[in-house]
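Copied over from Swiss-Prot:
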ACT_SITE  ASP11  active site
ACT_SITE  ASP130  active site
Amino acid sequence: MLAKRIIPCLDVGNNKVIKGIQFKDHKIVGDILELANRYAKSGADELVFYDITASPNDQVVNKRWISQIAKVINIPFCVAGGINTLKQAKQILASGADKISINSPALINPMLIQELADHLGTQCVVVSIDTWHNPQKKIYQVKCYTGDSTRAKITTWQTLDWVKKVQEYGAGEIVLNMMNQDGMKNGYDLDQLRNIRKHCQVPLIASGGAGTYQHFLEAFRDADVDGALAASVFHNQIIDIHKLKQFLNKEGIKIRLC
């Protein structure tokens, strides 16, 4: 069994780390390099950088700060933001990223997943899915362009169907961004995660809702996710990664200790 992963998430806007609640009302929380370095030294297993303003503005993530990050940290990191072509993906990997993640561009052109997987290998290709629970219809729906609340919209895809489809196209890993829980610190949506896990044969990363050590434990133990991604609790130093890993280890979760 592979060790479970603790993954700080850094949302980037205008070259600063920002954070909102339910993908809205973003505020600046710090410098990209400073936070990346802090998390790498504190025992994070990898980092994820989402340039959330790139796709809505028809731009591509800034490769300059990717190169700078690669020079100051020694753990794997994944980058997302407006990656629409194989050429762009290659440039980002050449700048030092270990993986690339696509979200809205994959919804527009699903064949992009297959093209990236065929040329770069599935291990490099992550598909990030912004999933929203519609309480009226009682279904989970996929949203796109969520980095800009004025452009965000619900797609025709239900979340489980999209999870199945991206695997067919060659996604090597799936990050499930649970929008209803994002920034709320009330725990991950375990029901949704358990259901997705039944149909997900690639590594599954939970994102959205972490507020306590127990929430991480529940995601690993009860939903069998491969990694737990969080932002607010790390940015605001509510949870210390080293102590979190010690807790998980004592609870029987296989984890890489700092």
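Residue numbering: from 1, along the chain as shown.
Keep in mind that glycine also has a Cβ here, set from the backbone N, Cα and C atoms.
Within 10 Å of the C-beta atom of ASP130 (active site) sit 27 other C-beta atoms, taking all shown protein chains into account.
All protein chains considered, the CB of ASP11 (active site) has 23 other CB atoms within 10 Å. In this structure the C-alpha atoms belonging to ASP130 (active site) and ASP11 (active site) are separated by 14 Å.
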